[in-house]
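**Q** My questions will all concern the structure given below.
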Amino acid sequence: MKEEWALIRFGVDTGAQPLVSDTGDLALCVNGEIYNHVALRKSLKLPHKFKTHSDCEVLLYLYAEHGTGLCNMLDGMFSFALIDNSCTPSRIIAARDPIGITTLYQGWSSSQPGVVFFASELKALADDCDKIISFPPGHVYDSSTGKTERYFHPTWWDTDSTKPVPTTKADLKLLRETLEDAVRKRLMSEVPYGVLLSGGLDSSLIASIAARETEKVALELAQRRQRHLLVNGSSTPNHGPEEYPIASWPQLHSFSIGLPNSPDLLAARKAAAFLGTIHHEYTFTVQEGLDAIEDVIYHLETYDVTTCRASTPMYLLSRKIKAMGVKMVLSGEGSDEIFAGYLYFHAAPTPEDLHVECVKRVKNLHTSDCLRANKSTMAWGLEARVPFLDKAFLEVAMNIDPQEKTFGKKEFDEDGRPKMEKYILRKAFDCAPDGKPYLPDGILWRQKEQFSDGVGYSWIDGMKAQAEQVVSDEAFAKAEERYPVDTPDTKEAYMIREIFERLFPSEAAASTAVRWIPRKDWGCATDPSGRSVAIHEAAYEGSR
């Protein structure tokens, strides 16, 4: 294993890596967050001497007791490589979380046959390896067998002819409560946290749940201090991180970014006012975004157009957030893949086709939205957590009858609610169990805007205009000759590919990138922008 690990996760106090077992035989490099680490520590059968408070140290001792079976025991996001020096030869295992929220690459070098390389960033391997893959999510590699095998086997994963399409009707209460549980466990943090709030449905729901949970903890702590004051004359009770694991901010902080007066900024402002968050709003100019593109591609390590478009404002925002001292944010990635939220899904020929596409998109999240959320934030040392991709929530949401995920235009339910994209998710939170609605109607029933659109339509237009200036007609006419594999089909795609090639010139590096393209066989435009879909309220001229 190459000893270079580009994104090292440190414990809150003493988690410098590699983490080494109490016997000294095991060493671990890991990036991630294990939400059930306290329960896992308690489940260990043998006594072990923990050296840190890192939530990841438990992996060492789970491996000692369960081998590669530890992977299915983990609830969280992670990628790791572990060396067992008690064996001869040493045994190496490497694994990645079920959906690929964190990144992991595996490489081989013809000049060093028999050596396997692992890193959490492509750039750590690009100069040494002539074959590199993005390590598959939900898999574990074991050097003792030389095999990489899938350990994640959820009920919804397979979509072949032997697997029937789900027929379970949506249980709105279960859907709501499972998502609330997913947010709650991700708020277990000893560092200042916040939420990314675009004003769209997904981030606003996560912010709403997080605001409620933060308020509950703040209230409970205030009551505890008051009781302690009455009894002991002091307002500072003694309690440990296990008793109150959520970092106790009296109010939730929310963050949004966009071009001045962009759709997202206006909607986020409305959502934040309703939720009572301490809201931080940042604006950027098209030129600032264009100036950052090369840095963004350097950190993203992909040439996918929609990922680069959306990652740029997220990258700029992450720098601002980290400068405030916030170290973790919740984000809304995954909902569109789970609930068929992208507007092109309206063109699905059948509910069965829609379900297969949903499963495919969830399986490929590690190439697009997860990659964006992880790398745009981690470029500045900020950690993003994604509640929609919780294993328990996926088990509920992915087994819903796809007929309930279909949508069209100008269809309404018996309550007069529009049967629009992500209808069942919206409907699950269209209630007020404690007397207060989760969101105002204008946010709960707001049309889907892809992040790169919502930050301001002129951002994408600016990307295209820049490409027109820097990519000549002559160069674009020879695109297939220069890039015979995955040929760019627009000047914008050509421009991004050219920057990527300059930063990562090897063919091995280019082979790890995957382009996000809507279903052309459904009659969809190849442009990933939501505005290229006819049912979008601001659809490109001529696309209706």
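Heads up, residue numbers simply count up from 1 along the chain you see.
A Cβ is built for glycine as well, from the same backbone N, Cα and C atoms used for every other residue.
Quick paste from TrEMBL:
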BINDING   D55  L-glutamine binding site
BINDING   L196, I257, S331, G332  ATP binding site
DOMAIN    1-146  domain 'Glutamine amidotransferase type-2'
SITE      E333  site 'Important for beta-aspartyl-AMP intermediate formation'
**Q** Looking at Cβ-Cβ distances, which residues of the chain lie under 8 angstroms from I257 (ATP binding site) while being 6 or more apart from it?
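**A** The answer is D264, L265, E281, Y282, T283, F284, P313, M314, L316, L317, K320, V455.
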**Q** Within 10 Å of the Cβ of the residue listed as 'L-glutamine binding site', how many other Cβ atoms can be counted across all chains shown?
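**A** Here the count is 25.
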**Q** Please report the Cα separation of L196 (ATP binding site) and E333 (site 'Important for beta-aspartyl-AMP intermediate formation') in Å, rounded to an integer.
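**A** Between the Cα atoms of L196 (ATP binding site) and E333 (site 'Important for beta-aspartyl-AMP intermediate formation'), the distance comes to 11 Å.
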**Q** Take the C-alpha atoms of S331 (ATP binding site) and D55 (L-glutamine binding site) and report the distance between them in angstrom, rounded.
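**A** That separation, Cα to Cα, works out to 21 Å.
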